[in-house]
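K.L.:
Would you mind keeping the following structure in view while I ask a few things?
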Amino acid sequence: MILIRHLINTRDLSQEEVIGLLDEAEGYLDTKHRNHLKGRLVITIFFENSTRTLSSFEIAVKRLGGEVVRLDVSRSSTTKGETIFDTAANLNAMSPSAIVVRHKNAGVPNLLAKHTSCSIVNGGDGAHAHPTQALLDLLTLKRSLGRVEGKKIAIVGDIRNSRVANSNIELLGRFGMEVILIAPPHFMPKTNLRQHDRLQEVIGEVDAIMSLRTQTERHEHPIYASLKDYASDFCITKELLGDRKIALLHPGPVHRNVDIDDEMLKDPRCKVLEQVTNGVAVRMAVLRYLIEGSAPTLKIEESA
């Protein structure tokens, strides 16, 4: 019986698998094309908007020599009442090697994994999980800090509604980082992690900051009269960081001068674009591992 691998959340990967994937991803940073997925088909189906995740998955497939088909949800039969399960069953009948799915409802990728015979990759489900984002964030931190064990990171912003925060809290904590949550009470989840409502309280002790977007689309009612009100307390500025050696991350899209100010986005300590670059490489490693089924390896074969 062939084992079908899925990536629904970060806990699907062992410590050794994560290390192997990140090592492999670093080899892909040369942007060279390979033939690992030659003759393989990957379908992307995103029920929520995406720029970085969707594009990087599709680029990852092509750099591995595979074929990718994007299902345009706005023109698909889901608009005619077809259930997502019927959609998945029909896509599965076309024999893809993997389906990458994003959905507003938590749990959808896990359900699809039980109704298809190909690998399912979670490209983000509601406020639940975004495993490949956490993997690329870990790679970015390792490349920026040298090592992450024993280091401290402050996650700042709309944590309660953030799938990125959920996945990073699990993965970074597993690799020995102390995760500190910074948010107003209405953005703070129930947790045993250390919490503060002002970044200034911990700025002198953290090695990295992860700023998060305020996810207004997941709020039932407006929380702030204006995002400027939020920014006055939580925007990451050069004045706040001073000359501290702190790596600054953000999963995107960035609300300029709300999450991070213009000057800080141009600062070399800001790793936002490095995250995007690392994202393609990480997704290459994930897709190769799930589809080929062999363990992540440091040795990357060059295309012929």
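Backbone N, Cα and C atoms are what each Cβ position is placed from, and that goes for glycine too.
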K.L.:
Given that Swiss-Prot assigns R52, T53, H130, Q133, G252, P253 to the carbamoyl phosphate site, pick the one from R34, R102, R160 that the record assigns to that site as well.
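P.N.:
Only hit among R34, R102, R160 in Swiss-Prot's carbamoyl phosphate site, alongside R52, T53, H130, Q133, G252, P253: R102.
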K.L.:
Indicate whether T53 (carbamoyl phosphate binding site) is helix, strand or coil by DSSP.
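P.N.:
DSSP call for T53 (carbamoyl phosphate binding site): helix.
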K.L.:
Spatially speaking, which of the binding-site residues R52, T53, Q133, G252 is closest to R213 (L-aspartate binding site)? Use C-alpha to C-alpha, please.
P.N.:
G252
K.L.:
Around the carbamoyl phosphate site (R52, T53, R102, H130, Q133, G252, P253), what further same-chain residues have their C-beta within 8 angstroms of the site's C-beta centre?
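P.N.:
Counting only non-site residues, the set is S50, T51, G123, G124, V164, P251.
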K.L.:
What's the most sparsely packed of the binding-site residues R52, R102, H130, R163, counting other C-beta atoms within 10 A?
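P.N.:
Comparing Cβ neighbour counts within 10 Å for the binding-site residues R52, R102, H130, R163 gives R52.
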K.L.:
With every protein chain in view, what's the tally of Cβ atoms within 10 Å of the Cβ of R213 (L-aspartate binding site), excluding that atom itself?
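P.N.:
Its Cβ has 18 other Cβ atoms within 10 Å.
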K.L.:
Between P253 (carbamoyl phosphate binding site) and R163 (L-aspartate binding site), how many Å separate their Cα atoms?
P.N.:
14
